[in-house]
Amino acid sequence: MPSIVIVGAQWGDEGKGKIIDYLAQEADVVIRAQGGNNAGHTVMVEDKKYSFHLLPSGVLFEDKLNIIGNGVVFDPEGFLQEIEVLKKEGINTSNIKIDERVHVIFPYHKRIDQLEEEARGEAQIGTTKKGIGPCYMDKIQRSGIRLGEMIDEEDFKDRLYKQVDDKNKIIEKIYEAEGFEKEAMYETYLKYAREIKKYVTDTTILAHEALKAKKKVLFEGAQGTLLDIDLGTYPYVTSSHPTAGGFPIGAGIGPNQIEQVLGIVKAYTTRVGSGTFPTELDNEVGDKIRIKGNEFGTTTGRPRRCGWFDGVMVRYTTRINGLTAMSLMLLDVLSGFDTLKICTGYELEGEMVAHFPANIKTLGKCKPIYEELPGWEEDITNMKTYEELPENAKKYIERIESYVGVPIKMISVGPKRNQTIIRERLF
């Protein structure tokens, strides 16, 4: 029963798409279990760049089963746009299955998301305005529409009309904005439902059967641990659980069916949107990392905030995910720096703090305590083995390992699939 969960162990954008794509070559099944199309992941195949927001990364392999699990919030319009891209590339899409339990994102979710964020003023939380939070809100208050209900043409109209009436009251009376016309939305989404119906099934059965048959199953994470609604830097978080604990629920499997948890971390730290960031470099060093690493959001295009590797943070995410291994991404970006820094503690009101605070006000008062390591000048993008890496690069990797307490089994030295150093195979 080989099964691997891939989680982002920072604030998202760690490079999960590349590692999932790499491991998907050997997997039989790839499963997404949370989030929606608010998170983007980029995959390079030869010189072709693919950006996905909702589809699992295994879709580029026609012999893999790709599952969008019950914990995902599903944007039909976004899904069909990504399907169209694959079809234009001649890629078969019959290997994609969507759980009938996913909650559907409608235009009113996106509008409310936008209006709520604008109403926050200076207290904005950095939402992507994709309707993710409002959709999860409907799910929790048990008023949402699930995909299995959307493809049921007998019930869908009544369900949607009631939701549009309710949401128009919020949009028009609270935010004084223009609401939606029910019939037009119904006709559009009925068309989507008919196109999507062939992909819809009970995917919990497929996941269980694959694991029972001891197939290689890859659980694909979106966003990052510190965006978890419970364990992240609240309120600057997402509305789901991008931690390892979210996968059993979001895919409909038992927790004992997960064997390995691989944490994806950048060799430095980035963040998109608002919130405290202890190791942020708001200077020319941060700018250099941003430009070399092409640190701009896949979904929003926003420049990412950049900083040194925060070991305190990653030690926290290692603990709450139960990481069994790490993959260190974008190590090549750090070539050419005379000195590198790793945060190994925080100073809080004159005291040394070794743990990541739960309260963001406390976190905002923390100043990073750094260990300095010598950098390297060599271009490492064509290196294939760990032994080839410069000595200082190896010392940097080994210091992260020793501090965090988890082995780094994969190292990325470039965006392409073949620019990956494997220290120990996972599948």
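Residue numbering: from 1, along the chain as shown.
Quick reminder: no glycine exception, Cβ is built from N, Cα and C everywhere.
Pulled from Swiss-Prot, these are the features on record:
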- Asp13: active site, proton acceptor (ACT_SITE)
- His41: active site, proton donor (ACT_SITE)
- 12-18, 40-42, Arg304, 330-332, 412-414: GTP binding site (BINDING)
- Asp13, Gly40: Mg(2+) binding site (BINDING)
- Asp13, Glu14, Gly15, Lys16, Asn38, Ala39, Gly40, His41, Thr128, Arg142, Gln223, Thr238, Arg302: IMP binding site (BINDING)
- Thr298, Thr299, Thr300, Gly301, Arg302, Pro303, Arg304: substrate binding site (BINDING)
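Sequence features, as recorded in Swiss-Prot, placed on the structure.
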residue : record                       : DSSP (3 states)
Asp13   : active site, proton acceptor : coil
Lys18   : GTP binding site             : helix
Asn38   : IMP binding site             : coil
Thr128  : IMP binding site             : coil
Gln223  : IMP binding site             : coil
Thr300  : substrate binding site       : coil
Requested in this report: Provide, as an integer number of angstrom, the distance between the C-alpha atoms of the residue listed as 'active site, proton donor' and Leu331 (GTP binding site).
Outcome: 18
**Report entry** Same chain, 6+ residues apart, C-beta under 8 Å of the C-beta of Arg304 (substrate binding site), given in sequence order
**Finding:** Asp13, Thr270, Arg271, Val272, Arg290, Glu295, Phe296, Gly297
Report summary line: Across every protein chain in view, the count of C-beta atoms other than its own within 10 A of the C-beta of Gly15 (GTP binding site) is 21
Report summary line: Check: min Cα-Cα distance from Gly15 (GTP binding site) over binding-site residues Asn38, Gln223, Thr300, Gly301, Pro303 goes to Gln223
Report summary line: Should one count Cβ atoms within 10 Å of each candidate's Cβ, the binding-site residues Thr42, Gln223, Thr300 would be headed by Gln223
Query raised in the report: Should any of the binding-site residues Gly12, Asn38, Thr42, Gln223, Leu331, Val413 have a Cα within 10 Å of the Cα of Thr300 (substrate binding site), which are they?
Result: Asn38
Query raised in the report: Distance between Arg302 (IMP binding site) and Gly40 (Mg(2+) binding site) at the Cα atoms, whole Å?
Result: 12
**Report entry** Per DSSP, three-state class assigned to Val413 (GTP binding site)
**Finding:** coil
